[in-house]
Amino acid sequence: MNKGIRVLKIATILMLAFAFAFSGTSQAFAENAGHGNSVAKTGDGVYVVRMADEPVVAYEGGIQGYKATKPEHNQKIDPFSDVVVKYVGYLNGRHDAALNAVGGGQKLYDYTYSFNGFAAQLTPEQAIKMESVAGVLSVSADEIFDVDTSSTPTFLGLDAVGGLWDQLGGVGSAGDGIIIGLIDSGIWPESASFSDRTGLNGNETQDGKLDYQQIPGWHGKCVPGEEFNASLCNQKLIGAQYFNASWGGDAGIDAQRPWEFNSVRDYNGHGTHTSSTAGGNNGVVVTGPAAVFGTISGIAPHARIAMYKALWSTQDASTASGSTSDLVAAIDQAVADGVDVINYSISGTQTNFRDPVEIAFLYAADAGIFVAASAGNSGPTTSTVAHPSPWITTVAAGTHNRVVTGSVTLGNGATYTGVSLAAAAVGPAPLIDSVAAGLPGADPTQVALCYSSLDGGNVLDPAKVAGKIVICQRGVTARVNKSLAVLEAGGIGLVLYNDPDSTLNADFHSVPTVHVDRASGLAIKAYAATPGATATINQATISYTAPAPYTASFSSRGPLIAGNGDLLKPDVIAPGQDILAAVSPASGPGLDFNLYSGTSMSSPHVAGLAALLMDLHPDWTPMMIKSALMTSAYDILDGPNTHPLVIFRQGAGHVRPNSAADPGLVYNSGWNDWFGFLCGTQLPTYFCANMGIDVIDPSNFNTASIAIGDLAGVQTVTRTVTNVGGKETYTFSYSGLAGITVAPSISSFTINPGASQDFDVTFTTAGAALNAYVGGYITWTGDKGHVVRVPVVIKPVALAAPVQVSGSYGVTFGYTGPFTATARGLIPAVTGDDEIYTGESRGYTVVIPAGVTYARFSLFDANVSPASDLDLYVYRGSTLVGSSGGGTSSEEVNLLNPTAATYTVVVDGYATGNPSTFTLFYWLLGSTAAGNMTVSAPSTATTGATGTINLTFSGLTPGVKYLGSIAYSGAAGMPNPTIVRVDP
């Protein structure tokens, strides 16, 4: 668990560093950029505790006196049934007992339906003690997560003749009876996107004929609150609840975010946008500056919406945030209520399959609920994709084909083209250059850039601007602020030009605006200097001819950090740039519709598609739906489809829903597969053995993609396909994968409806470069026209070896030739003792000399005062090169082949005993052996063979912590040395 990096003033840290200096004379590593998207712990002392008993959706009986509560296939739980109520009471009692075992505390939530556990206010000492309470699986400090911030149904082909909407009886019934639950920032219930009535003109309105009927078996409710009455729900918006216990309830929101609504009403706009994208009504007339677009539709226009507000907005609506405890409560409630699909357009873990949110979604998927989640907005940086778990469909963001064109016609007859969202033409009207329209004494630069009141400006002279079209230069201030400046001075239109050249952007402006390039702008300025200059800004035109899709630059991408590269994420890509949907008018410019971009926008597209496929195929599992979306996908336009970087952007490809409706074969998985996957990645071996769970190598997890993060010569992967079509014969083929031989166990098979077929594929290195990914696809092509394609990414390596060991270990060879394993160290830790108070930071200088191959800085709970939470940061100069901010004081920062320099190591007192004592440990490892570790290893390597590296230790001092490494040679492209940590 990462906490937000505390804001540390580097000058203060550097001064502190001289108070307690370490100097290293040994050795060290390349620099770790730190902990990526770090997130902050919400409020001191909120912890999420996961308990061992199964939640309601998975409990199959076995506890005396408590009957099974797991629903049958395609059935939902009834939270009010006697059996469920009794078992929930049992779980809550276990929660109370665990809390009492550590001295009690304020409980914020009980989780019982999709996650068994609770959230409570605990001291750090209680949290540490809680980890050893019988029946407790994990204790996680609360984290804060942020949002991952039209024409797309047509772009997706949904409204085509014979398309998915047609297959479901038309737009008036597409998604009918399917409930989409959204964990988000709330909803604006008055929007026509959420009306349950159709007006006389056929469009959705807040009055007219009832267009929806009540859904039997729905257990959700509409909770009243600030400016939200339960009567605002209807047969379209059927659920509305909010979660803010981690903030201190309504009083906490009033104190910390007083502009927010203490209700499900949306202040930010994000939740309204995602809701209307996933399941908003069809034919909703767009109003305001976006009226030029006509009407919009959700992807599943006749689905129902249930909003679970767990995100709370900043005042400027730039983001909205929520804590783990509130988010898990929202998920748990959505499962209890009976949703069919969950959309989660919120950031999340990049590394932890056992994160509370990921586990809650595991049980939701086991209950038959499809979960779509955003991949994140940290692109174009690689290895930034979030929500790594295979039971979630992780969605990247792409462009779509809409083109918005605008133009300005001058009084001399010349017309210049740019981009615009002008809903109506303005002019002909007098044209004036802003440089000639400033107030007396105004700053000339601010005048040229048209500073508005929002920029501290108001520099344009109303006497010169009123009734005119103004030319303004782009730069410094927000583009939309420039049209505001024109409006504030009484102007009626804006020509915005680039200087220097840059992108052209269609924004919603305060006055009709056209954005042109530099050459056009300079020509228009020259004309404006002539007497009697006039101009007309023409109405914008919209076409759908742009080449698409491309990956949106902000979209997070692989390779995935979790799972050591043996799982591909994202799963698919969907439209996520410039998506038009309903929003909240409560914040910002007060619009009812707006264009948003982000993987937050692509995820609800997939949630809506899942609702349609669930409507069409009610017997399909969530993983069958996911598989259908993946195997039917097509390629983005970023580059060759077999290039691994393209695959890491698109996953299986861009969703193609009409093909997903009839995929032929699917790759299905369930609870046993998911826990086998966890046992093969992050669950302890003893736990899996006690549970009788078969360990599944993540490369063998049965999903519609294949990833091998370390192909040492040869590896065989296993998959199973299930036929959801008619009897058909399928033939194997592959593409790409240059330098890899591909050998399937069977080259063709004939399969009956409902039957399954196992197959293996063996991948062998055959000239591919080491330590670099190759990409491609394997495809099963049916004789009835089905094409079932699976992306493959493989990284060949010379040697597959563990990252860290404490004794002898095994390796796999990816080449044939000589092999040598060489000891470095072991060296004892350098230590320093100190004490720290809450909110303080202690800085220490460490000189890392040349020749250091690996440096490690560590804190251990056993060497820190009980009930403490200390964090660790490492700087080179003013650059943060590594950080560790977990929920206790067990922290570690590693640097591989670090630059020789003076470093500052900072210990931060997040929560202490005022004071807490601690010992800081560090090692600077060189490349020489210390004589206390002997290595015995094979002298030759054979491609695909395994070997054992035997380690023996001598002369070690008990109680001293040692560190060393095993370096490898014999072929190019060897992995980094394996770290050896020994506590004799």
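Placed from the backbone N, Cα and C atoms, the Cβ positions cover glycine too.
Record features, source TrEMBL:
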ACT_SITE  D184  active site, charge relay system
ACT_SITE  H270  active site, charge relay system
ACT_SITE  S600  active site, charge relay system
DOMAIN    98-144  domain 'Inhibitor I9'
DOMAIN    175-653  domain 'Peptidase S8/S53'
DOMAIN    458-524  domain 'PA'
DOMAIN    700-794  domain 'Subtilisin-like protease fibronectin type-III'
SIGNAL    1-30  signal peptide
Rounded Cα separation (Å) that holds between H270 (active site, charge relay system) and S600 (active site, charge relay system): 8
Cα separation, D184 (active site, charge relay system) to S600 (active site, charge relay system) (Å, whole number): 10
Helix, strand and coil totals (DSSP H, G, I; E, B; other) for the domain 'Inhibitor I9' (98-144): 11 helix, 17 strand, 19 coil
Neighbouring C-beta atoms (10 Å sphere around the C-beta of H270 (active site, charge relay system)): 30
Local Cβ density at D184 (active site, charge relay system) - other Cβ atoms counted within 10 Å: 30
Three-state secondary structure, which DSSP defines for D184 (active site, charge relay system): strand
Tally of DSSP helical, extended and coil residues in the domain 'PA' (458-524): 21 helix, 17 strand, 29 coil
Helix, strand or coil at S600 (active site, charge relay system) [DSSP, three-state]: helix
Tally of DSSP helical, extended and coil residues in the domain 'Subtilisin-like protease fibronectin type-III' (700-794): 1 helix, 61 strand, 33 coil
